[in-house]
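Below: one structure, written as structure tokens.
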Amino acid sequence: MGSLPSPNDPSNTFNPMDLTELSTESKLVVDFITQYYQTLETRPVQPRVKPGFLTGQLPDKAPFHGESMEVILSDVNEKIVPGLTHWQSPNFHAYFPASSSNAGLLGELLCSGLSVIGFTWSSSPAATELENVVVDWMAKMLNLPSSFCFSGGGGGVLQANTCEAVLCTLAAARDKALNRVGDDQINKLVLYCSDQTHFTIHKGAKLIGIRSKNIKSITTKKENEFKLCPNDLRDAIRSDLEAGLVPFYVCGTIGTTALGVVDPIKELGKVAREFDLWLHVDGAYGGSACICPEFQHYLDGVDLVDSISMNAHKWLLSNLDCCFLWLQSPNALIESLAAEANFLKGGSEMVDYKDWQISLSRRFRAIKMWMVIRRYGVSNLIEHIRSDVSMAVRFEEMVAADDRFEIVFPRKFALVCFKLSSEKTPPGRDSELTRELMERVNSSGKAYLSGVQMGRIFFIRCVIGSSLTEERHVDNLWRLIQETAQSIVS
């Protein structure tokens with residue numbers, strides 16, 4: 001194909017891997033991205049567009065003849081970029097970050113450029129072995145027990161996201177339970193989480209055939225900091241056992257989405273061991289912080305855990321996508337997900353990652369994460385997280401010092417949850433006015449915050465996490481919030 005002449009014009013040879021073009025056009029793209037980042041701070045964080053804005057600007061049929069990279073990038077700049085929510089903006093504080101870095105971006109380029117598919121060891125040996133190395137490196141950075149490392153009998157895999165990681169562990173736990181009680185008992189399988197657990201667990205449970213009524217969300221309480229209570233979990237398990245059901249899985253979290261709650265891993269682990277349940281820990285957000293020694297106490301009891309996942313693309317500068325999943329005993333996962341086709345067999349004692357994930361094809365994510373760790377070192381990754389936490393502490397202190405506001409939940413990482421004070425707003429209107437405050441801030445284009453409705457309370461979430469955010473951006477955000485509140489609260 002690369003050297004096949006055009007039937008209409010033999011002198012025109014189509015070569016999709018023209019290396020001269022690659023060198024020239026990649027520079028155009030890198031320059032475009034650089035300019036985008038240079039202007040990012042001045043752009044409205046959220047786009048001011050309406051549904052269908054892009055459809056009307058693009059042709060309804062694909063171009064028959066190719067176009068130049070210059071023309072394509074011009075359309076990206078004029079038609080695509082104005083409709084983006086700028087997740088890398090230093091003023092983006094709505095959701096947990098999709099962290100970006102030079103090394104992550106260039107590692108992504110290497111991943112795409114090498115374009116290997118390491119579904120078995122033999123299909124690309126270096127891809128598999130580098131992934132083995134990287135997941136062990138990260139396990140040691142988190143100070144996980146050696147039993148989670150390949151060198152200690154466990155192991156890990158890089159998934160695309162937490163949804164896929166959780167789904168894999170659910171499938172493994174389901175099959176492990178059914179091997180014990182029989183396949184005909186699948187409708188009796190029950191899993192447990194808290195009402196603060198990410199909806200990923202509900203989605204994954206449905207995909208593996210768990211009935212909705214058997215997904216038990218245990219109510220959390222403010223006086224217990226909204227943690228999943230081990231005693232409540234134990235009571236729920238006992239009740240279900242008495243009803244003839246089969247408890248098989250529990251999910252704890254390090255850094256929930258709404259509040260940043262950290263569940264008591266050690267105590268949950270004891271309950272899981274008592275009743276032979278699979279315990280998974282979702283560390284999608286807060287897990288990354290545990291490379292810092294001051295946060296590693298949140299992992300106390302992790303030796304009682306069957307699996308743990310963490311999104312490096314949230315806080316460890318890897319760019320999307322990169323999710324670590326570790327298991328103490330990978331065999332249950334492999335037995336559940338193994339592909340048996342003869343042509344897929346690796347024929348070696350090495351890991352075949354096709355048996356550690358849902359899909360067969362897989363990206364060379366390890367080279368990107370390896371590049372990030374090597375380029376910055378553990379010390380700079382720790383400093384990056386500490387810097388974000390420090391700015392979050394600064395923001396929290398400014399909010400707490402203004403009597404028009406109140407902190408909803410004690411900050412654990414770099415998420416600050418706050419609202420207008422009920423004492424400074426008309427009776428019963430604090431949530432309504434807090435929502436109005438958030439909407440006005442967001443509509444200004446100068447910042448982007450998110451909100452949560454929890455019971456009758458509405459509060460604002462402010463996450464510090466963009467790689468470009470500096471103290472001045474946090475100070476500017478606080479001034480914007482104060483000025484906006486002035487027109488809402490007298």
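Just so you know, glycine gets a Cβ as well, placed from its N, Cα and C.
Features of the protein shown, as given by Swiss-Prot:
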| type | residues | note |
| --- | --- | --- |
| BINDING | Pro97, His198, His313, Phe343 | L-phenylalanine binding site |
| MOD_RES | Lys314 | N6-(pyridoxal phosphate)lysine |
His198 (L-phenylalanine binding site) - helix vs strand vs coil (DSSP): coil
Whole-number Å value for how far Lys314 (N6-(pyridoxal phosphate)lysine) lies from Pro97 (L-phenylalanine binding site) (Cα to Cα): 5
Alpha-carbon distance [His198 (L-phenylalanine binding site); Lys314 (N6-(pyridoxal phosphate)lysine)] in Å: 15
Other CB atoms within 10 A, centred on the residue listed as 'N6-(pyridoxal phosphate)lysine': 26
His198, His313 as binding-site residues, winner by CB count within 10 A: His313
